[in-house]
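Below is one structure, written out as structure tokens; the observations come after it.
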Amino acid sequence: MDANDFPRLFYTSMPSSSTSNHRIDRLSSSSSSTFRRDDFRRHSTTTSSEKFSTISIGESVKLEEENGEIPEKFVQEEDTVVKTEETRVSDCDFSLTFYTAHVTSSSMLSRGDSSSINNKTFTPDDHYSNPSDKRREVPSIRSTSSNSSSFGGHVAFVDEPSEENQRQQQQYQQHQFQLPTLLVTSTPSTVFDQNDDDVFTSPYHPPNRQYSSSSEMSGLSFQLQSGIHKKSIAVEGNEIALRDLRNEAFQFVKEIYPEKKCGSLEDYILLYKHDLRSINILQLITTSSDVTDGTLVEIVIGSCPQNERIVVHPHTLFVHSYKVPTFCDFCGELLFGLVKQGLKCFGCGLNYHKRCASKIPNNCNGSKQRRPSAIPLSPSNSNILNLNERRQSRRDSCLEALDAARPSSTLGGAATPNIFITSDDCGDPVGGNFLQMPRKDRSCSWSGRPLWMEIAEATRVKIQVPHTFQVHSYKLPTVCQHCKKLLKGLLRQGMQCRGENETEKLQNGAVAKYCKYNCHKKCSEHVAKDCSGNTKASQFFLGTADDGVSEDRDDDLSLRSGSGGHKKAQNTPSAPLQGSEGSGSPGGAVVSFAQGLSNAPDDDVISSESANIPLMRVVMSKKQTKRKNNKLLKEGWIVHYTDQQNMRKKHYWRLDTKGITMYQDENTTRYYKEIPLNEILGVMTSSPEKSSEYLFEIRTGACVYFVYSSLTDEELYNIIHASPCIARKPSTVSSTDSGYLGSSGASSSCVRSREGSTVSSTITVDRTRRGGSTTSTENSEAESESSYSSFASIASTASKYLGRAADCLVLMTKRNGWSDAGSPADEKSSGSLDAQSWTTAIQSALMPVTPQSSVVGGKRVDKLKVPTEGETGHLGAKIQTEQEFSQLYQIFAEEVLGSGQFGTVYGGIHRRNGQHVAVKLIDKLKFPPNKEDLLRAEVQILEQVDHPGVVHFMQMLETTDRIFVVMEKLKGDMLEMILSSEKGRLSERTTQFLVAQILEALRYLHHQNIVHCDLKPENILLNSNSDFPQVKLCDFGFARIIGEKSFRRSVVGTPAYLAPEVLRNKGFNRSLDMWSVGVIVYVSLSGTFPFNEDEDINDQIQNAEFMYPPSPWKEISENAIEFINGLLQVKMSKRYTVAKAQSHIWMQNYTIWSDLRVLEKAVGQRFVTHESDDSRWHAYEKEHNVTPVYV
């Protein structure tokens, strides 16, 4: 074959036309061959560049086939490849001829212009230079390219069927249909196969998707290829979700093979992208970001169905000692310490705090592993690889990683996500298995986050959520997590994604709102929009998903572990995750998922997550007032232990009129614990006849405090021991030792004075038991007196430095059996006297509190104190003593029903009739005189109202410093009912039943011009534990008297349930309660709060997807949503009134009316329904032949 056998293909300059498409003409061809670069150089020795002008940007180009010579400009370009090839397809009745011209170098354009021609559309011309060729052109040919330095044209012409084609078609019909196979080449830059030829047919237009035929479009365009078939797809937006991509591929396969039954073909589809820069041209598509503009997607049909699995690469973490300052790769803070500062991953080499180990992603990429010398650094030298090992490794990783991109919904049904962890991932990527490491280097207690979190992460919708940065001052050296450089400065060093991580503070395990990402101010603009905090919260209700939302399968509770993507790690040992022989999967281990789910929420709970805050009990902040000016009754050093913990603890006790406070020392304000006097049930001294270890005991409802002594055993030894600065721990005290040590002998101690001097002495001590003998001989009276004199001298010497001779003497006389007179101990030792002084002081403090002043905010509040008894108090109640109140009611201090800003509610019982009551104790000392109306409002309102829907007020008693409000006691509250329900939310029927009673109670209160102002589920009490209980409103501490057309402006209520006008400090009226009703209905039906506190309420209300995500609102009626929207109106004039809410169609239901009639029959009073509705519902019963249940 000589040079004349090769067709000549030229690009020539043409004037720009009005159309943006390049025109390509086929002039003539006499043969079909494949050209290489060397062939072009060999057969093109002469040039006539004068004949051809250069190509400029924007000009049209024409592909010609002439007998002229190829311009030198095109021949010498390294990236110029021209190929012609003719292929006959056995399953079609026509043959295809391909002509491909690629210009991939910007130097081929006009001189000095480095731009390129992008996204051009090539279409066949309407005429051919050789009219004898009878060809049918393929309609609507379109091609796009994402390479910014190349443009290309691809032309396909269809021949009329020949005799050979007809014969091949008949042979094909006799054989079974076979799906195209996967071709993998090791030299992608020089090898061309039929899968790389661009054959275009009419573009596919699936339903419900907008496509554009224009070459200039702002969306995403890519190509689908299956065998020799190829389609161009254009979608709006910059990304396409993997679920939609798989659907496009599935529809494409169905279209090109319409006669075949696809069935569950979607389970067999694998999607790859062509990447000529990689060793293996075809790269598995795992995320939506893999599909960019111009990507060629190869559809490969697997030999077996691929179950949905989630791929994780767990880190192999072990304790590591760093020689240079190192920062945590998770939080960015410095790893402090001299040795064993943190954990290092054996695979990827990343470093973490131990505290961060349970939060890190399972994303070990093994980048730390050493590259073998045989592995090339570029694809061009890839033929030296051991292809068998590489293909096996690549095939395993691809098959295991493919399911990270699978949609959860399949044709055959949903499947529970599986997790596959290969043994290669868990072993040593460099030198052997992880278990072969020395035990001292192995970490069996640190790993990543739990597996159920991997499922939630993999199945969530991945949307771009920007970080909310705020200037932050760091207390520890921290690096920027974007540029990995240190945040310099003393204050305001950088920016942090704002908000504190409140995961540990929330008992229901709610996720944090912010990710606390750290970066420089200059780097904040370049940080990716991937805030994990908000994304977690808003993942399940935003349209499409990358990986799809997986459906649950109850019968699949095990997860196969495998290698995979970059996710965050589980709280199980790293080593046990590796595979073992006989595990059931090649190269991997089948790991039971039962343990992973034992402490994790159910899949139903995971799938129902939304951007809204989970419903929880809102705790009002208490005003913790520490009255430093209270009358001090007694103070001193005390050693104590409890019946629950036998460890001796020494603190400086201060007894005042409110309680006992255990301080760290005499001067500090920090205290260890506080025992309020109202929690003390009794104080008892130890019996003199019985030998005991403690002096006296303090009994509370929670535990018993045993007062051991005023000095510890260790401190006593420090006084009497003479060896320099060595304090020995005391031996175990026997029950017959009366609290003193059972050993004797000579010892030494180092006593440091307050000025810092040191005194050392060696003393021999013979210790006696009370009424007993020593281990050597019986002590005589003279020996006892001699020993006592020794101890007395020691105490006197120590007192010069400690200043506590009395305490030393008391302790020694108590423990050694000597009295202060020098004789053996009797019942009236100094220890007993010291115990009696403490018990007397505590018992005196437990007596009724005498009138005394307190200081709040620097102002005296004596105005609220009433010095004499029997008079009328400020609230109109008769002053009584606490003894008189205790004779009438018994308060159960351990039964705390609730606590709030004004006081605490305890359970109690009426001593005379045995009726259980709720007693609200309000401490008047917490309120200054100008807030006295807050105390009076609730009492006045409760005395005024009388309705079955409002809690019944019984009695109010006032003492000198407390107010006792006695009310009826009910079973529980509405919040407890919601949280304890099976799904964490109530059904529509139950919600309607409760809301109907709430609205009726509000109608009564508003008629009395009373606005509750703090309506929330915690303040809605239930009288029973049934599904349809009676409800009553309580807690009128924020209630206000507001007329029909009046407005008030004050601080009221709980922010989570307050209307916008209150939060903005604007005037509010009785419609405030209606907003609260809307929030109550929302949280009852969904189990979440409707709004986020950091976003504008108007924007959240207008965003229907935010307010009502599919889970669970797709199960709730439209009337309920309309009812909520009518209540949650920002403008007060548009908000429903009580009457309008009661007449709403959602509340007008026969089932509700029937349930309410049953309740009224049980109560014995008709207070919710009205007689005017009876005729309408009786007619409904007759029309639908319904038997009433309320009769």
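Each residue, glycine too, has its Cβ placed from N, Cα and C.
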Please identify the range among 314-364, 1028-1078 that Swiss-Prot labels zinc finger.
314-364
Run through the Cβ atoms and count how many others sit within 10 Å of the one on Ser1046 (phosphoserine).
13
Whole-number Å only: compute the distance from the Cα of Gly903 (ATP binding site) to the Cα of Asp1014 (active site, proton acceptor).
16
What's the CA to CA span in angstrom from Leu897 (ATP binding site) over to Ser1046 (phosphoserine)?
35
Distance from Val905 (ATP binding site) back to Asp1014 (active site, proton acceptor), taken between C-alpha atoms, in Å:
17
Taking the Cβ of Val905 (ATP binding site) as reference, which residues of that chain separated by at least 6 in sequence fall under 8 Å from it?
Val896, Leu897, Gly898, Ser899, Ala918, Val919, Lys920, Leu921
Using a 10 Å cut-off on Cβ-Cβ distances across all protein chains shown, tell me which of the binding-site residues (Leu897, Gly903) has the largest neighbour count.
Gly903
How would DSSP class Ser1046 (phosphoserine) in three states?
coil
